[in-house]
Amino acid sequence: MTIALGRFTKEENDLFDIMDDWLRRDRFVFVGWSGLLLFPCAYFALGGWFTGTTFVTSWYTHGLASSYLEGCNFLTAAVSTPANSLAHSLLLLWGPEAQGDFTRWCQLGGLWTFVALHGAFGLIGFMLRQFELARSVQLRPYNAIAFSAPIAVFVSVFLIYPLGQSGWFFAPSFGVAAIFRFILFFQGFHNWTLNPFHMMGVAGVLGAALLCAIHGATVENTLFEDGDGANTFRAFNPTQAEETYSMVTANRFWSQIFGVAFSNKRWLHFFMLFVPVTGLWMSALGVVGLALNLRAYDFVSQEIRAAEDPEFETFYTKNILLNEGIRAWMAAQDQPHENLIFPEEVLPRGNAL
């Protein structure tokens, strides 16, 4: 057996090294390897959205006006989902649907799949950017881990949910009022507010807002060293070595207020990371469940009693009737291709009516 000792030498002008040196060079805007995914995808996603909201109608897919050109404003313009008949087609510009015709591609809803897919990969690229920069400056990757939560929500709502339904048609369109319509749809057809995963998501987001407000106020309240500047932002150097607020004072204050308090800054900040990230991940899992048409809580005994006794009604039974109303009124407008017609007598009315 021969053992070779020595060092493997590469060519001085190795292409990978040249690329690595240029991509990771210290500049005003870091590019990095992740930038090869992030910047093109973000550019195309934003460009597609601005193009769609400015010029493209939704007449052929939803029977709606959805662009500034047709009279919409920022709140009502949208890039709409493709028609239900197109199912889960990727709607490639060169595909069998548009056959290279850009105008026809826009009319069919091709911009929605374009924006959704480039947007998803752009978000993933941004998370990889945080990983790459953290590794470069020897930080731990918790920023990237935290950013995985909004990515999970985006992917579950815009991609996984419609994949579980009959087509991209049932995903949210990219617009403010369009998202509101989608929320009403989720409530009416899935009773989303009574879903335990939605409850965990709300607890995570609102709990994080509360923690953030308490934390910021506590740090401001316990500042003990004043600088010469006119305000907090001018008073201190951002690279100062010493703390200028008192963790001990904050601990004593909240111990008196609540009876318990964080005594360790690592645990405090981990908790502030854990609450919103876990909440968003739970809500994303809930949306995956809705893609499979899993149901929320059902209190059937209350529904049966409400049906038998005109004087018995709970907030739950009222909400169930409201959901039926949303479905009956919304389906005919939201799915015009189904030609749904509901006579007046089948539209739900509560016991009070």
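Each position is counted from 1, following the chain as shown.
Heads up, the Cβ atoms here are built off N, Cα and C, so glycines get one too.
As annotated by Swiss-Prot, N-acetylthreonine applies to Thr2.
Distant neighbours of the transmembrane segment (41-61): 67-70, 72, 77-83, 106-109, 111-112, 114-115, 118-119, 121-122, 125-126, 169, 173-175; these residues of the same chain sit at least 6 beyond its ends, with a Cβ under 8 Å from one of its Cβ atoms. What Swiss-Prot lists as transmembrane segment is 41-61 (among others), and the listing cites sequence analysis.
According to Swiss-Prot, the transmembrane segment annotation covers 125-141 (among others). Here the transmembrane segment (125-141) has Cβ contacts under 8 Å with residues 24, 30, 32-35, 37-39, 41-42, 147-148, 151 of the same chain, all six or more residues outside its ends.
Among the features that Swiss-Prot reports, transmembrane segment is placed at 153-166 (among others). Sequence-distant contacts of the transmembrane segment (153-166) (same chain, at least 6 residues past either end, Cβ-Cβ under 8 Å): 81, 84, 87-88, 116, 119-120, 123, 172, 280, 283-285, 287-288, 290-293.
The chlorophyll a PD2 binding site annotation in Swiss-Prot covers His198, and the record cites sequence analysis as its basis. His198 (chlorophyll a PD2 binding site) carries a helical DSSP state (H, G or I). Counting every protein chain shown, 22 other Cβ atoms lie within 10 Å of the Cβ of His198 (chlorophyll a PD2 binding site).
Among residues of the same chain six or more beyond the transmembrane segment (208-228), those with a C-beta under 8 A of the stretch's C-beta atoms are 234-236, 242, 244-247, 249-250, 253-254, 268, 271-272, 275-276, 279. Residues or ranges marked as transmembrane segment in Swiss-Prot (evidence: sequence analysis): 208-228 (among others).
What Swiss-Prot lists as plastoquinone binding site is His215, Phe262, and the listing cites sequence analysis. According to DSSP, His215 (plastoquinone binding site) sits within a helical segment.
Residues or ranges marked as transmembrane segment in Swiss-Prot: 279-295 (among others).
Here the Cα atom of Phe262 (plastoquinone binding site) is found 28 Å from that of His198 (chlorophyll a PD2 binding site). When each of the binding-site residues His215, Phe262 is scored by how many other Cβ atoms sit within 10 Å of its Cβ, His215 comes out lowest. Cα spacing between His215 (plastoquinone binding site) and His198 (chlorophyll a PD2 binding site): 25 Å, rounded to the nearest whole number.
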